[in-house]
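These come from TrEMBL:
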type     : residues : note
COMPBIAS : 350-363  : compositional bias 'Polar residues'
DOMAIN   : 60-336   : domain 'Sugar phosphate transporter'
REGION   : 348-382  : region 'Disordered'
TRANSMEM : 52-72    : transmembrane segment
TRANSMEM : 84-107   : transmembrane segment
TRANSMEM : 119-140  : transmembrane segment
TRANSMEM : 173-192  : transmembrane segment
TRANSMEM : 198-217  : transmembrane segment
TRANSMEM : 229-248  : transmembrane segment
TRANSMEM : 268-289  : transmembrane segment
TRANSMEM : 296-314  : transmembrane segment
TRANSMEM : 320-339  : transmembrane segment
Amino acid sequence: MFNLFLSKNVRKILKRKDSDAGEKGKALEDLRSSLFNELRSSEGARRYQQRICGPFVALTFNFLVSVGIILMNKLVLGRVGFNYPILLTFIHYVVSWFLMAILKALSMLPAPPAKASRFSSLFALGVVMSLSTGLANVSLKYNSVGFYQMAKIAVTPSIVVAEFILLRKLVSFQKVVALTIVSVGVAVATVTDVQFHLFGACIALAWIVPSAVNKIMWSNMQQRENWTALALMWKTTPITVFFLVAMMPWLDPPGVLSFNWNLSNTSAIFMSALLGFLLQWSGALALGATSAITHVVLGQFKTCVILIGGYLLFGSNPGITSICGAITALMGMSIYTYLNLHNSDDHSNKTAAKQASFSSPKSKLSRENGETHVGNAGPESV
């Protein structure tokens, strides 16, 4: 009798465990299917990207990856001796495309918008991506870091002018002052490392406009046309790869076949390519969550942090002039960040006021159930 009672209790416990396991499995399956359905539509994928990766997360992600790829590319171009910047960029984009192909095969790549962009817009973005990234690496090869940073300063006014011409977008006077402080501070911080090279200077000047247009298009297409970062990367990467192949004979030196492709060198190049994919993705996320100018300011913030961090942590001595310039630039960035937050608060308050004004006539209608009063209240709410 006791054994029968014990066996019944054991059966109940096992049945309860099976039902709990079934409920957990069902919940996991529901979560997986909801995520899959969300990624299948461009609007759902866009909302998911905004929910998971807001401005702070996107900018932090891009900042950390940028520092990592700088160190890795210094290793590849310096110690490894891989002196082919366009080919290195080409490898980055091929690896990125391969990783996105795996995501697409697993149905994890977000869908493009229902109302897809014109092919001319995607083609133009692919072209300026190849010019922006390829010419940036060539400029790093021929110019000093200081001259490269000086060229990056010119990207900020280029973006302001280009956004005004293309999008009729104005920047407030306070933000112009803050951006001027940032640019002057970065110029002072990097002026001690400026070395002039005629060909490198021409490349740097040719890089400024594609870099500005690239950032504007990435930000605009994500925010206005509901593209997600990965979906837009998937569409434009083949175009970028094609134009990088066309640029290789003109900007890369000969002798790539004689390079020592041993395991150590190949691993370093492959790690650089993985970081290149993360840099492209994080940069696209940051541009989609913020703006082109904010992304440029983030790059200048990275320069100042590396310079001041080296001085404080590792005892490097860039000079008092460079330190003062970096501190001035950080002050300008703080002002710019404050102005952005203040404007976003004003915008949210205006949106809330509009919603309240539109909802008040509806509440009056429900209370009084009369059309005449609504007609009088309508113009006041607009």
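Heads up, the Cβ atoms here are built off N, Cα and C, so glycines get one too.
Small disclaimer: the values here were computed from a predicted structure and weren't measured.
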Beyond the flanks of the transmembrane segment (229-248) by 6 or more, those residues with Cβ under 8 Å of it: 42, 45, 49, 84, 86-87, 89-90, 93-94, 96-97, 100, 103-104, 109-113, 122-123, 125-127, 129-131, 133-134, 218, 221-222, 280-281, 284-285, 288
Overall pLDDT of the domain 'Sugar phosphate transporter' (60-336), taken as the mean: 86
